[in-house]
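Enquirer: The feature ATP binding site is assigned by TrEMBL to A:Lys11, A:Gly12, A:Gly13, A:Val14, A:Gly15, A:Lys16, A:Thr17, A:Thr18. Feature annotation from TrEMBL assigns domain 'AAA' to A:2-159.
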Amino acid sequence: MAKIITVTSGKGGVGKTTTSASISTGLARRGHKTVVIDFDVGLRNLDLIMNCERRVVYDFVNVIQGEATLNQALIRDKRVNSLYILPASQTREKEALTFEGVEKVLNELSETFDYIVCDSPAGIEHGALMALYFADAAVVTTNPEVSSVRDSDRILGILQSKSRRAEKGLDPVEEYLLLTRYNPDRVERGEMLSVEDVSDILAIPLLGVIPESQIVLNASNQGLPVILEDESDAGQAYDDAVARLEGEEREFRFLKADKKGFLARVFGG
Amino acid sequence: MPDADALQTMPCFQLKGANVPLTALELRYFEVEAFEETLRDKIRQAPGFFRDIPLVVDLSRYKGPSSELDFFQLIGICRRHSMHVVAVRGGDEDQQRLARNASLALLPASSRPESPAGPDQETASQDTPSPEPTAEAARPVEQEQTVPAESRLITQPVRSGQQIYAPDGDLIILAPVQAGAEVLAAGNIHVYGPLRGRALAGVHGRHTARVFCQSLEAELVSIAGHYKISEDLQEKGWKAPAQIQLKENVLAVSPLA
Ligand SMILES: Nc1ncnc2c1ncn2[C@@H]1O[C@H](COP(=O)(O)OP(=O)(O)OP(=O)(O)O)[C@@H](O)[C@H]1O
Ligand SMILES: [Mg+2]
C-alpha cells in the first residue's frame, strides 16, 4: 500500500511543482519506490523540472482513457533509481481526470509503489480537488504572504470536508505546512510574514522552510530537482523536509538573516 | 441504451416522502424597493447563508392589499440574489391564485407562530397540515426556552470558506475561526481561540445572545442582526480576550478578565 502525498496550495506559483519534484526525488533517494504524478492537465510543468519532457510518449489521461497502460506511460528517472514520473497531458481538458479514472490509476500504482506524490494544480477547481481527494497526507505549500496563507487555509478546510478520508470517516488527512520562498531579510524588515506568524495562523505542523534562492530557479531551468543541489540552502532545506516527512527530527535551518557584517563574510569570520 | 424489457419493468421514477428544512420569508407587505433593500441587508449579515437556498413565502402576516402582491417581481428579486422561491404558505384564496399563476407550490399555513427576523432555518413541515391559517397576535421577540437548546461543539479550526451553524442553541469552538470563515448560532458563540472570521450570534433575533472569544480579530460580529465590521471593532479590545453583547441596540465590546 502506497502512501499518497498531495502537494497543494490554492494559490498559484507558490512552488508546488518545485516541491513535488524535490520531495519525490528525496523519498526515492532514501530508497523508497516513488512515483510523482502531474495533475496539472493542460500545463505540464513537472516533466520540465524533472528533465524528461522529451521522453513523454503517453500521459496520465491516456492511461485513464485506456489508450495506454501504466507501464507505457511511466517514465523512469535517469538520476535516481526507483523514481518514476507520470506526466500530465498538455492537450486535454481538465475534466478528462475522472474520479473513477484517477482512483483506478492510484489503486494500480498503490500495489507496487511506496509513495505516490501528486502535484496539484492551483485553485480549488476540479483538478485540484482530484489531486487532494485521495490524499493520505497533504503538503500545504505556502508563501509568507497574506493571500497565500488565506488560500492554504481554504485548502485545509477542503481537506477536512471533501477528501476521501473525511467522507469515509477515516483518520483525517495528515496536514503539513511547507513554507517556501522564505526570505529572512524581508521578514526582518516586516515585508513578509514570519514562520511564527504563518504557523500560528494555519495551526498545522511545520514540515519545512525553504529559503528563497536563485539556485531554485537555476536548477529548474536545467531540469534538476533542487534537492539534488546538495550544497545549496534550498536543497538542504528540502532534504530536511523529506526526513521530517518520515518522522525524523531535524533542526530548522536558514530561518535567520545573515547577521555577519560585510567584512566577516568576505574574510570568512 | 438499457434494453427495452428492462425499461418496461423499471418505473421511470419513484416518489418519496421528504422533510427538508426550508427558510420561510414572512411577508408583511410588498414594495419592490423596500423588499430588495431588506433582502440585501439580510444577506450582508450572513452572505454565505442565503446562497442558493429554497424560500417559502409565508403570507400569514401579510397586511398589504392582495393587488400589490406581485410574485413575478418578488421571485425575480430573490433570484437576483441567488435565492429561490419555491412555494407560498398560507394566504387567502386570491393570494393563492396569484401564487399558482407564478408557478409556485402551495403549502398549508403554519400551525404555530415563528420567531421573527434573521435567517430562520425552520422546517416548513408538510406532515402536520393544519387547514386553518392561524391568526395569532404578534409574539414577543424572545421565545421561552423550556428545553435546553442543542448546542454544537466544534474541535477543529473553522477554515476560510467554511461555515458552521448551530440552528438551535450555542456554538462552542475549541479552535481558531479563520479569516474568511463564518460561524452562526441561534444562541451564544464561544470561541476558545482567535476569532478572525465572521461571527453571527442570535440569528433568530435573540437580543441577549453574546459572542466570546480569546482574541478579537473578527471581520464582522453580529448579534440579532446588529453588526459591527472589523474597522469599528478595532477601537476596543482588539486582539485581546473579549465578549460582545447588545446594549441598547449597539454592540458593546468588553474585555474578558
Ligand atoms: N524557494 C524558491 N526560491 C526561488 N524561486 C522559487 C522557489 N520555489 C519556487 N520558485 C520559483 O517560483 C516559480 C513557481 O514555482 P512552481 O512552478 O514550483 O510553482 P507552482 O505552485 O507549481 O505553480 P502553479 O500554481 O502554476 O502550478 C518558478 O519559477 C520557481 O522556480
Ligand atoms: Mg505547478
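The backbone N, Cα and C atoms fix where each Cβ goes, and this holds for glycine too.
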Enquirer: Quick check on the binding-site residues A:Lys11, A:Lys16: which one has the highest count of other Cβ atoms within 10 Å of its Cβ?
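Expert: The residue with the most neighbouring Cβ atoms within 10 Å is A:Lys16.
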Enquirer: Those binding-site residues, A:Gly15, A:Lys16, A:Thr17: which ones have a Cβ sitting under 6 Å from ligand 2?
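Expert: Once distances to ligand 2 are taken from each Cβ, A:Lys16, A:Thr17 fall under 6 Å.
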Enquirer: Under DSSP, is A:Gly13 (ATP binding site) part of a helix or a strand, or is it coil?
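Expert: It is coil.
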Enquirer: Over all shown protein chains, what is the count of other CB atoms within 10 A of the CB belonging to A:Gly15 (ATP binding site)?
Expert: 23
Enquirer: Given the recorded ATP site (A:Lys11, A:Gly12, A:Gly13, A:Val14, A:Gly15, A:Lys16, A:Thr17, A:Thr18), which additional residues of the same chain have their Cβ within 8 Å of the Cβ centre, ordered by sequence?
Expert: A:Ser9, A:Thr19, A:Ala122, A:Thr141, A:Thr180
Enquirer: Tell me the coarse DSSP state (helix, strand, coil) of A:Thr18 (ATP binding site).
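Expert: It is helical.
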Enquirer: For a quick check of packing: other C-beta atoms within 10 Å of the C-beta of A:Gly13 (ATP binding site), how many?
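Expert: Around the Cβ of A:Gly13 (ATP binding site), 11 other Cβ atoms lie within 10 Å.
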Enquirer: Sequence gap of 6 or more, Cβ distance under 8 Å: name the residues on the same chain that satisfy this around A:Thr17 (ATP binding site), in order along the sequence.
Expert: A:Asp38, A:Asp40, A:Asn45, A:Leu46, A:Ile49, A:Asp119
